[in-house]
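Student: According to Swiss-Prot, the record shows the following:
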type	residues	note
COMPBIAS	455-464	compositional bias 'Basic residues'
TOPO_DOM	2-35	topological domain 'Cytoplasmic'
TOPO_DOM	57-72	topological domain 'Lumenal'
TOPO_DOM	94-102	topological domain 'Cytoplasmic'
TOPO_DOM	124-186	topological domain 'Lumenal'
TOPO_DOM	208-216	topological domain 'Cytoplasmic'
TOPO_DOM	238-286	topological domain 'Lumenal'
TOPO_DOM	308-319	topological domain 'Cytoplasmic'
TOPO_DOM	343-355	topological domain 'Lumenal'
TOPO_DOM	377-383	topological domain 'Cytoplasmic'
TOPO_DOM	405-473	topological domain 'Lumenal'
TRANSMEM	36-56	transmembrane segment
TRANSMEM	73-93	transmembrane segment
TRANSMEM	103-123	transmembrane segment
TRANSMEM	187-207	transmembrane segment
TRANSMEM	217-237	transmembrane segment
TRANSMEM	287-307	transmembrane segment
TRANSMEM	320-342	transmembrane segment
TRANSMEM	356-376	transmembrane segment
TRANSMEM	384-404	transmembrane segment
Amino acid sequence: MASCVGSRTLSKDDVNYKMHFRMINEQQVEDITIDFFYRPHTITLLSFTIVSLMYFAFTRDDSVPEDNIWRGILSVIFFFLIISVLAFPNGPFTRPHPALWRMVFGLSVLYFLFLVFLLFLNFEQVKSLMYWLDPNLRYATREADVMEYAVNCHVITWERIISHFDIFAFGHFWGWAMKALLIRSYGLCWTISITWELTELFFMHLLPNFAECWWDQVILDILLCNGGGIWLGMVVCRFLEMRTYHWASFKDIHTTTGKIKRAVLQFTPASWTYVRWFDPKSSFQRVAGVYLFMIIWQLTELNTFFLKHIFVFQASHPLSWGRILFIGGITAPTVRQYYAYLTDTQCKRVGTQCWVFGVIGFLEAIVCIKFGQDLFSKTQILYVVLWLLCVAFTTFLCLYGMIWYAEHYGHREKTYSECEDGTYSPEISWHHRKGTKGSEDSPPKHAGNNESHSSRRRNRHSKSKVTNGVGKK
């Protein structure tokens, strides 16, 4: 009787909720090409762990204390990643292998715990830790102390413009190409690019290196570096959207060239979701969610500059570019999970990677404020308030423009987005109308040209058991 009372049959809504959350948090691999790489190897990993620990415990020289600490930390990270492969969720991606994304999530958890640890240290202890990692940091200087910014802006020559195309300019270009691959929206990418330049203006009183000449901000940053990177990323997006992602298994490929091509394609997405951040029928909650996305994105970018300014290390130091690469790695599944949460009405919670990313962003900001109190004591509250209002106005203005363009000029094709009940399609809207063939309510003639394309998309998605735009592959 007690067991009957304690048990509860899951409703249809509960089943759908669990299914939708699992698809963004624990994506399954169904199109397995080589069985060996997807079989459980828990006993093998257990044996490897025990043997390797015994080897390092009894064979290595432990006479150097600093070497012991360093190797111990590396071993903890290594074996924590092994546990990540065994226990952590896959996330929304399965290519090139789910184990890779489990380790990415494991690294984000480690970084989160490291930031929590930093909160309980004082500034001298943090600097001692940095000097232990790299003794050369004792002699590091701030870029703002040795360089001048926004000087002689009225002098515009080709030599001066070309001199600004350094390694950082190429970093801007490729960085925005990757951001476009993640966001997949011209409007949102351009909004983030413009609002970041506004962010630099409002925080220029705290970080002098944010001061730039107008032609540097508008022409070099926004139009050339950022704009070129956005264009390249969106071109790659269109290329991936046109591709068919149901490749044959290695067993079905009989030529060496075909097998090599299939191996290379393993490092491309298993499925490509047509991203639609803004629907013409978007609710206020959707707009507010995009605004929150903008704020967190700007905060993460600001943390990059505040960290290297407060703890004094150059932009070329591994602590700087290593963090940027790491944040870029965990941003990919984060954006995917946040997009699913924002657009799928049946997804009631964010994914675990998205949750950890949000905590990391705010923890980095807290660390900067705690150890940079001398810097933040100069903060002009009015500038911060104006920045928030300006970002909100720019975001809402851009959203309105994108929605207006989508309603009047946007080319809408049938897609399988995150939210099935919010998917817009001219064919679906026509079928809901009342009318007969040949009447005014009949579909336009050009709709038939896309019929084969839409049917191919339906067949392709049905084979991979796609639900809400996430292919189980």
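Including glycine, each Cβ sits where the backbone N, Cα and C put it.
The shown structure was predicted, so the numbers you read here are calculated from the model rather than taken from an experiment.
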Student: How about the transmembrane segment (287-307) and the transmembrane segment (187-207): at least 3 CB pairs under 8 Å, pairs 6 or more apart in sequence, or not?
Tutor: yes
Student: What same-chain residues lie close to the topological domain 'Cytoplasmic' (208-216): Cβ under 8 Å, and 6 or more beyond its ends?
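Tutor: Distant Cβ neighbours of the topological domain 'Cytoplasmic' (208-216) are 143-144, 147, 149-150, 153, 156, 161, 164, 200-201, 305, 309.
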Student: If you average per-residue pLDDT over the topological domain 'Cytoplasmic' (2-35), what number do you get?
Tutor: 55
Student: Can you work out which residues elsewhere in the same chain, 6+ from the ends of the topological domain 'Cytoplasmic' (308-319), have a Cβ less than 8 Å from its Cβ atoms?
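Tutor: Answer is 126-127, 130, 133-134, 137, 140-144, 168, 207, 209, 368, 371-372, 375.
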Student: I need to check the long-range neighbours of the topological domain 'Cytoplasmic' (377-383): which residues 6 or more away from its ends have a CB within less than 8 Å of a CB in the stretch?
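Tutor: Distal contacts: 202-203, 205-206.
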Student: Where else in the chain does the topological domain 'Lumenal' (57-72) make close Cβ contacts, counting only residues six or more beyond its ends and a cut-off under 8 Å?
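Tutor: For the topological domain 'Lumenal' (57-72), the nonlocal Cβ contacts are 132.
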